[in-house]
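Engineer: First, the structure itself, so that you have it in front of you.
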Amino acid sequence: MTKQSIADVGGPWADEEQRWSTGPQLRLSYRVTCSPNYYGAGCEVLCRPRDDSFGHYTCSASGAIVCKQGWRGDYCSKPRCLPGCDAEHGQCLKPDECICHSGWVGELCDQCERHPGCMHGTCSRPWDCICEEGWGGLFCNQDLNYCTNHKPCLQGGTCHNTGQGSYTCVCPDDYTGPNCEKSLHSCDVRPCLNGGACVSDEGGELVCACPQGYEGAICETRRLTCADRPCQHGGVCEPRGAGYVCVCPLGFGGTDCALEADPCAAGPCRNGATCSRAGDGFQCTCRNGFRGNRCEIDIDDCAGVTCEHGGTCVDLIDGQRCQCAPGFLGPRCETRVDLCLAKPCANGGECLIMDNDYECRCRPGFAGKDCSIDVDECASFPCRNGGTCRDRVDGYICLCVQGWSGRACTVSQAELESKRAGDHLRRVGDSMGDEDSLPAGRLAWIVAVGATVPALVLLALGALACVRRRRNRLANEADAEARAQNAANAGGHVIRNTWGKCEPAPAPECQNAHNQAAEESLI
């Protein structure tokens, strides 16, 4: 027995009962459910959850792709980087991370990296060294402090830098002027000491003219000479006018050679090296990646390194990396990427290797990155006059309402029957009108044609059957690979049978040799 019916997917169990006039009775229950990973009213939507390099998603109740947390994109294959990660200077290979491009640092890759060895500078782009106020040189390690170099403030005034080449003096209580050169108290109030004379200077102020050997506002300080041996640590004293100059030995400085000189004060070491005293000189301890007496030479880490398959070696500080050509990866670009090995194309799609990517050439009726989307041919509403469209692979069928027929339900049943009746009446009328008037030759011709036409019709039907069988065989062969790829879905719809006992009572339990299930047919 074969039972044909239409049932909705996911509906309740349907109970049917079949009786025969001879007495036996058959009861059965059935329902239709989609195979795993198939969704939709006709189980036409394929959605297989995955969590690998081709996607990270689950499936909704309707078969739509739902990205897992931290992933985005049509197939959830693109990670969501750490919130705030600079889109131009950072990237991520997994969710919630931010990997900086070369030359950028910081948690969000929004800070440029200064040139190695830059001491008192900033940057607006990678490897810059823009000096702060008062500093100069390639690595901003040279003091441009005007106060330190020129000592413009007199009388013990305190000098403050206010910009490149400018300064301000904070004078003691008794002095004023740009360089503290003017005394607030004239010598008539504060008498000159040590035999100094109170005289008027060019500006009209009263000042002390000190005798030889003394200096100061009121001649309070005795001026030393070489006779006083003012030079310390073995410095050589040379008379200069009323004063002297000390020629200091190596390692000492200052007016009287009292200060121990620091050979590292000038910053002789480059590229962030550490300077230390060594005897009468200095020694530079270089950072990894640099060499030379002053660590001025950047070591070429690409020397002797070969990047395969057209890769380019990029020299870094104390390291290197290979910039691989598209389609290759690995520390030395030694690995070719073949994304087709994972067989990502479903439903018989053909995988084509692209540059560091793949492309699926789908069979008719399927679309999408991996040919997993069944094209809905019913989307254009091809069925007319209230017909119901059922989507099929690379096609559709129309379930027409009563009174209509044809592929798109466009043929009226009443119109068809009326046409058939009219044709029949015309044939009967023609035969009656010509019955007594046909000549013998015409009658023989009609008989011959009447015998030939059925034979031609039979031949045409036979040829049509052969063509249909060949088309079905080719379609089955084309589906073989799709069935192999979708082996998990080969089970089709799930139908459960509940067989009752035969009636009347004397008969044993039904022995259904074929155990045939209720068959769903929409054709």
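Note that the numbers count up from 1, one per residue, in the order the chain is shown.
Backbone N, Cα and C atoms are what each Cβ position is placed from, and that goes for glycine too.
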Engineer: Scan C248, C269 and flag the one TrEMBL records as disulfide-linked to C257.
Structural biologist: C248
Engineer: Of C324, C340, which cysteine does TrEMBL list as the disulfide partner of C333?
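Structural biologist: Of the candidates C324, C340, the one TrEMBL pairs with C333 is C324.
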Engineer: Can you tell which of C210, C231 is bonded to C219 by a disulfide, based on TrEMBL?
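Structural biologist: Disulfide mapping in TrEMBL sends C219 to C210.
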Engineer: Tell me which of C286, C302 TrEMBL records as disulfide-bonded to C295.
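Structural biologist: Answer per the record: C286.
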Engineer: Counting each residue once, how many in the domain 'EGF-like' (222-258) are helix, strand and coil under DSSP?
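Structural biologist: Tallying H, G and I as helix, E and B as strand, the rest coil: 3 helix, 13 strand, 21 coil.
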Engineer: What parts of the chain pack near the domain 'EGF-like' (260-296), using Cβ distances under 8 Å and only residues at least 6 beyond its ends?
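Structural biologist: Same-chain contacts beyond the flanks: 116-117, 119, 137-139, 141-142, 248, 250-253, 316-319.
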Engineer: Could you tell me the C-alpha distance between C59 (disulfide bond) and C171 (disulfide bond) in angstrom, no decimals?
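Structural biologist: Per the Cα atoms, C59 (disulfide bond) and C171 (disulfide bond) stand 80 Å apart.
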Engineer: Does the domain 'DSL' (32-76) come close to the domain 'EGF-like' (374-410), meaning at least 3 CB pairs under 8 Å for residues 6 or more apart?
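Structural biologist: With 3 or more qualifying Cβ pairs, these stretches touch.
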Engineer: Rounded to the nearest angstrom, how far is the Cα of C248 (disulfide bond) from the Cα of C295 (disulfide bond)?
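Structural biologist: Cα to Cα, C295 (disulfide bond) and C248 (disulfide bond) are separated by 29 Å.
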Engineer: Just give the helix, strand and coil counts over the domain 'EGF-like' (298-334), going by DSSP.
Structural biologist: 0 helix, 13 strand, 24 coil
Engineer: How long is the line from the C-alpha of C333 (disulfide bond) to the C-alpha of C76 (disulfide bond), rounded to the nearest angstrom?
Structural biologist: 27
